[in-house]
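To start, the structure itself, in structure tokens.
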Amino acid sequence: MPELPEVETVVRELGRKLKGRSINDVRVLYPGVIEFPSVKEFVKRLKNKKIKDVARRGKLIIINLHGGDYLLVHLKMTGQLVFNQEPHKHTRVIFKIGKDSLNYNDLRKFGFLLLTDEKGLDEILNQRFRFGPEPLMKEFTFDYLYEKIRGRSTPIKSLLLDQRILAGIGNIYADEALFLAKIRPLRKARSLNRAEVKSLHRAIKKVLALAVKHGGSSSRNYVRTNGAEGTFHKLHNVYQRHGLPCKVCGRPLQRIVLGGRGTHYCLKCQK
């Protein structure tokens with residue numbers, strides 16, 4: 001699933017290409033990805049709408065339109081937003097924007113698009129998703145993380161994946177941040193001391209910022225809006241590298257399943 005760095009990359013690229021332009025036409029090839037409103041209303045309300053801005057909250061893409069509407073896109077597992085690509089069997093929606101086209105592709109069809117107003121957006125963000133702070137923003141402080149961790153018996157990786165605590169972190173970057181902080185993913189959150197929480201706080205910010213710089217990780221279906229891959233997967237220390245030698249100590253990396261998710265770590269480097 002695209003996580004914060006991948007979605008942030010897409011949002012930045014969409015913003016550069018779409019801000020100030022109008023949606024001329026919309027073709028819905030698979031109605032099942034339109035969550036709200038009806039397909040007919042969705043197309044009608046989007047036609048000739050001018051795009052004010054493109055933003056993100058967690059893994060949710062928010063396209064702000066003139067007139068008070070917001071187009072929300074969640075890529076889920078296999079969603080893609082790609083410019084000027086020939087439609088194929090996994091293309092679900094096509095937006096025409098001047099001479100450009102923007103395709104929403106989705107192999108597994110878990111993603112969704114919906115159109116809402118400002119009140120609906122507020123309800124979606126604060127009631128449906130209830131996102132925690134953004135890890136790359138100033139509100140994500142050491143004190144905040146320490147308070148959320150203190151007294152919790154949850155495995156630290158599971159806590160990092162809770163979108164109500166931190167918005168946008170998923171399996172890849174939880175594994176990578178924990179490796180950088182030298183903390184095992186199964187550790188109970190309350191077992192971390194202040195120094196370890198400080199290390200984790202720094203590691204989260206460092207890993208995410210570096211991943212954004214590299215356009216995200218294309219270890220599966222994710223591509224950028226020009227169809228190119230991100231390159232951060234080439235820099236992974238642990239994620240999907242089980243059985244391979246640790247880049248630091250040389251011991252084979254481990255894989256376990258935690259909460260239904262593959263989890264990767266080093267027995268020697270992480271304590």
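Heads up, the Cβ atoms here are built off N, Cα and C, so glycines get one too.
Predicted automatically and left uncurated, TrEMBL annotations should be read as such.
Worth saying up front: this structure is predicted, and the values here are computed from it rather than measured.
The active site, schiff-base intermediate with DNA annotation in TrEMBL covers Pro2. Positions annotated as active site, proton donor by TrEMBL: Glu3, Lys59, Arg261. Among the features that TrEMBL reports, DNA binding site is placed at His88, Arg108, Arg152. As annotated by TrEMBL, domain 'Formamidopyrimidine-DNA glycosylase catalytic' applies to 2-111. The domain 'FPG-type' annotation in TrEMBL covers 237-271.
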As a whole number of Å, the Cα atom of Glu3 (active site, proton donor) is distant from the Cα atom of Lys59 (active site, proton donor) by 6
Note: in the chain of Arg108 (DNA binding site), residues six or more apart in sequence with C-beta under 8 angstroms of its C-beta are Lys76, Met77, Thr78
By a 10 Å Cβ neighbour count, the lowest-scoring of the recorded positions Lys59, His88, Arg261 is His88
Here the recorded positions are Pro2, Lys59, His88, Arg152, and the Cα closest to that of Arg261 (active site, proton donor) is found at Pro2
For Arg152 (DNA binding site) and Lys59 (active site, proton donor), the CA-to-CA distance in whole Å is 25
Arg108 (DNA binding site), DSSP three-state class -> coil
Here the Cα-Cα span from His88 (DNA binding site) to Lys59 (active site, proton donor), rounded to a whole number of angstrom, reaches 25
Whole-number Å distance separating the Cα atoms of Lys59 (active site, proton donor) and Pro2 (active site, schiff-base intermediate with DNA) is 7
Taking every pair from His88, Arg108, Arg152, which the record gives as binding DNA, the longest CA to CA distance in angstrom is 47
The correct DSSP tally for the domain 'FPG-type' (237-271) reads 0 helix, 12 strand, 23 coil
